[in-house]
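Novice: Once you've had a glance at the structure underneath, I'll fire off some questions.
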Ligand SMILES: NC(=O)c1ccc[n+]([C@@H]2O[C@H](COP(=O)([O-])OP(=O)(O)OC[C@H]3O[C@@H](n4cnc5c(N)ncnc54)[C@H](OP(=O)(O)O)[C@@H]3O)[C@@H](O)[C@H]2O)c1
């Protein structure tokens with residue numbers, strides 16, 4: 001598997017498996033299939049309410065822990081000088097592991113500036129191997145940079161051919177930030193998947209439209225973790241390393257008009273600031289912001 005390196009030399013497999021909106025039961029059924037097929041990168045979050053099931057699947061897989069890249073994220077109510085380390089420890093406990101490979105601040109609200117030095121401390125203590133942020137605008141990244149010894153190593157953000165983030169990448173150029181894309185397939189939106197440009201390229205290369213989009217991500221240098229409950233799609237999503245889009249084809253995809261699925265609100269919507277009881281491992285809310 002191709003990897004992308006963080007500024008401290010941690011290698012992130014460029015293609016992984018995301019478990020957003022998967023219940024613990026779905027994780028128990030599908031994550032073992034994904035690991036067996038060769039996935040070695042799993043993206044979860046405390047707010048996905050499935051960390052326990054993720055940890056069990058990894059620990060029961062027979063695959064050495066150091067061969068799996070595991071990401072989790074903590075929610076804004078857990079940010080703060082006092083709050084963040086207990087939240088990290090609780091995630092590690094639920095995941096049944098001594099460390100995660102990447103820890104992210106999930107959303108740009110609350111005491112994120114106070115939380116950042118705690119992430120650096122967790123890195124120094126070996127509880128996490130790399131640290132970053134998700135959904136942060138440049139202004140708030142710069143606020144973190146003022147207190148940071150380590151500039152955020154990873155930015156996880158919506159990214160797909162209709163939200164290619166070229167402008168944002170430009171603003172962080174030279175900082176060595178790895179860009180991870182959520183909604184890499186537009187959350188499965190047929191309006192994106194069925195665009196004629198992908199259909200034509202799929203025909204040319206004998207691939208599916210989704211594989212063309214994933215190949216575009218690879219050549220963009222993006223890290224992605226498409227979510228799927230289908231074994232067939234799991235296999236397809238791994239099978240994107242035997243062909244290459246030409247510069248002209250990449251440019252055609254880059255020319256697609258931009259239409260984000262999600263615009264990060266300036267102020268925190270209420271449910272982002274709530275303190276949840278993660279011991280239940282049953283997601284108590286349906287995220288209404290992230291529409292198809
Ligand atoms: N940091 C954040 O705020 C944030 C937000 C959202 C997501 N994420 C992360 O990003 C991951 C991916 O995002 P996502 O799950 O929302 O969206 P996504 O990966 O863009 O799309 C998932 C959808 O695509 C379909 N799909 C997957 N592979 C396919 C293929 N080969 N052909 C056709 N359809 C395919 C799946 O349906 P089937 O089950 O039928 O295959 C599913 O409906 C999440 O799981 C999570 O880890 C992070």
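Every residue, even glycine, has its Cβ placed from backbone N, Cα and C.
So TrEMBL lists these for the protein:
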type	residues	note
DOMAIN	20-256	domain 'NADP-dependent oxidoreductase'
ACT_SITE	48	active site, proton donor
SITE	73	site 'Lowers pKa of active site Tyr'
BINDING	106	substrate binding site
Novice: Taking 10 A as the limit, how many CB atoms besides its own sit near the CB of residue 106 (substrate binding site)?
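Specialist: Other Cβ atoms found within 10 Å: 23.
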Novice: Express the distance between the Cα positions of residue 106 (substrate binding site) and residue 73 (site 'Lowers pKa of active site Tyr') as a whole number of Å.
Specialist: 5
Novice: What's the CA-CA gap between the residue listed as 'active site, proton donor' and residue 73 (site 'Lowers pKa of active site Tyr') in angstrom, rounded?
Specialist: 9
Novice: Write out the long-range same-chain contacts of residue 73 (site 'Lowers pKa of active site Tyr'), meaning residues 6 or more apart in sequence whose Cβ is under 8 Å from its Cβ.
Specialist: 44, 45, 46, 47, 103, 104, 105, 106, 134, 156
Novice: How many other Cβ atoms sit within 10 Å of the Cβ of residue 48 (active site, proton donor)?
Specialist: 24
Novice: Look up the residue listed as 'active site, proton donor' in the DSSP assignment and reduce it to helix, strand or coil.
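Specialist: Helix, per DSSP.
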Novice: Along the domain 'NADP-dependent oxidoreductase' (20-256), what average pLDDT does this model show?
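Specialist: For the domain 'NADP-dependent oxidoreductase' (20-256), the model's average pLDDT rounds to 98.
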Novice: With DSSP assignments reduced to helix, strand and coil, which class does residue 106 (substrate binding site) get?
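Specialist: Note: residue 106 (substrate binding site) is coil by DSSP, not helix or strand.
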